[in-house]
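Reading through the structure tokens given below for one structure.
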């Protein structure tokens, strides 16, 4: 069976990617990261999801938190803002996060003989993160095949971002068709230890709107009820 490394945060998008990779016949090696994120309930969710979806393996890699300063997701002194429409890159941006995660996934993939890496990046319904853009994914794939023994020898890597052009509504519809239990997932930027979402951050807003517009019951446990 062909292998794939799937970046699994424990959120809605990455869980949908895991389900999609499995539906395509991959043995899925889930990879999660502990990098000092305040929403560490995601990692508990990732563990539940990997087990529930029968991943071939699930690794949680601990990174030095000093690598990720200046973000509301890693610095408790920076407040996570409520949702606001804006063209600016928000304070929830984590410096070079997807670059680092994909680099780690690439090394892991080459070591286990996997040539496919899945990431839940989307350029629709997102918060203007530069490392979620199609140009970034394409550039990293080029890098992967220039920087590895496998790539140089013609055994090329593919960076799969199947949600790249899907809205949150379409992602939820896809996941529902694949049988994803979204009640296991945690997307909130500041979920509490019980995994309850704030209902007010960007991630909560996109998620809540997505379920409503998709006509799918929202299984998220919210700390606060807000009208979206």
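Positions of Cβ are set from backbone N, Cα and C atoms, glycine also.
Over in Swiss-Prot, the protein carries these features:
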type    : residues                                 : note
BINDING : 8, 9, 10, 11, 12, 13, 14, 15, 16, 17, 18 : ATP binding site
BINDING : 188, 198, 201, 204                       : Zn(2+) binding site
Spatial separation of residue 204 (Zn(2+) binding site) from residue 8 (ATP binding site) - C-alpha basis, Å: 18
Non-site residues, in chain order, whose CB comes within 8 A of the mean position of the CB atoms of 8, 9, 10, 11, 12, 13, 14, 15, 16, 17, 18 at ATP: 46, 49, 120, 185
Under 8 Å by Cβ from residue 18 (ATP binding site), counting only residues of that chain that are 6 or more apart: 6, 8, 28, 30, 49, 50, 53, 55, 118
Residue 204 (Zn(2+) binding site), number of other Cβ atoms within 10 Å: 26
